[in-house]
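These notes concern the structure reproduced below.
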Amino acid sequence: MKTILYVGWALSLIDLTDILEVILILIIYAHPYPEKSLVNQAMLERVSSNPDIVIRSLYDLYPDFNIDVEAEQRAVDQAQLLVLQHPMYWYSSPPLLKLWIDKVFTHGWAYGKGSVALKDKSLLWAVTTGGEHDHFQIGDHPGFSVLAQPLHATAIYCNMRWLNPVVVHGAYAAAPDSLHSQIEHYYARLASWKED
Ligand SMILES: Cc1cc2nc3c(=O)[nH]c(=O)nc-3n(C[C@H](O)[C@H](O)[C@H](O)COP(=O)(O)O)c2cc1C
């Protein structure tokens, strides 16, 4: 079976069966305009040198929003760490990621009696924002402990281990040094996620 995977900065055709045994970290990437991305693209380029990582770019795989649920569940089955990476859109995710969760996290697989597919896997939310860090301080706009609640609750409901989110702030205006260090932090978190 040939499945389009997003590997680093190039779209490649890879036989999924070749990598079934080696996926430790699965990044589900949801950027509606991947070719226009700066920050998420830089993050993927940085982490793609980690051989444990497989990236699935939802908007490249499913431009028609017709998600192949079985293929997605097979990919998740192989991973120990599931990363949901996307730009923040209206304090939430782009719509295809929400649809992906709705479709892929099925009753009897993700939750419900006897469901073990996600049990003890880790979930990491990796999100980029236009807003700077202080935009999200409580009292101004809701902070990340609030914004993360739907995903955090989903992780708990599916018996997953919730990791502290990675947030890359200031996508438009941050100084290059700041973006660079935030992206390095993302790389380091993925390299050492088992210690979280
Ligand atoms: C439709 C839309 C909604 C957005 N909503 C938010 C938001 O709620 N909060 C925020 O900080 N940034 C928001 N942004 C800014 C994006 O998060 C930002 O463009 C993105 O993180 C940059 O990443 P990229 O270079 O990979 O595209 C929004 C952008 C768009 C286009």
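Quick reminder: no glycine exception, Cβ is built from N, Cα and C everywhere.
According to TrEMBL:
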type	residues	note
BINDING	H31, S37, L38, V39, N40, M88, Y89, W90, Y91, T128, T129, G130, G131	FMN binding site
DOMAIN	25-188	domain 'Flavodoxin-like fold'
TRANSMEM	6-30	transmembrane segment
Among Y89, Y91, the one of these binding-site residues whose Cβ has the fewest neighbouring Cβ atoms within 10 Å: Y91
Cβ neighbour count within 10 Å of G131 (FMN binding site): 17
Tertiary neighbours of H31 (FMN binding site) (same chain, Cβ under 8 Å, six or more apart): S37, N40, S57, Y59, H86, P87, P94
Pairwise C-alpha maximum, in angstrom, for the residues (H31, S37, L38, V39, N40, M88, Y89, W90, Y91, T128, T129, G130, G131) that bind FMN according to the record: 19
Other C-beta atoms that fall within 10 angstroms of the C-beta of N40 (FMN binding site): 23
In three-state DSSP terms, the structure that N40 (FMN binding site) belongs to: helix
Nonlocal neighbours by CB distance (under 8 Å) for T129 (FMN binding site), same chain, sequence gap 6 or more: P87, M88, H135, F136, V167, V168, H169, G170, A171
Close in space, distant in sequence - L38 (FMN binding site), Cβ under 8 Å, 6 or more apart: A171
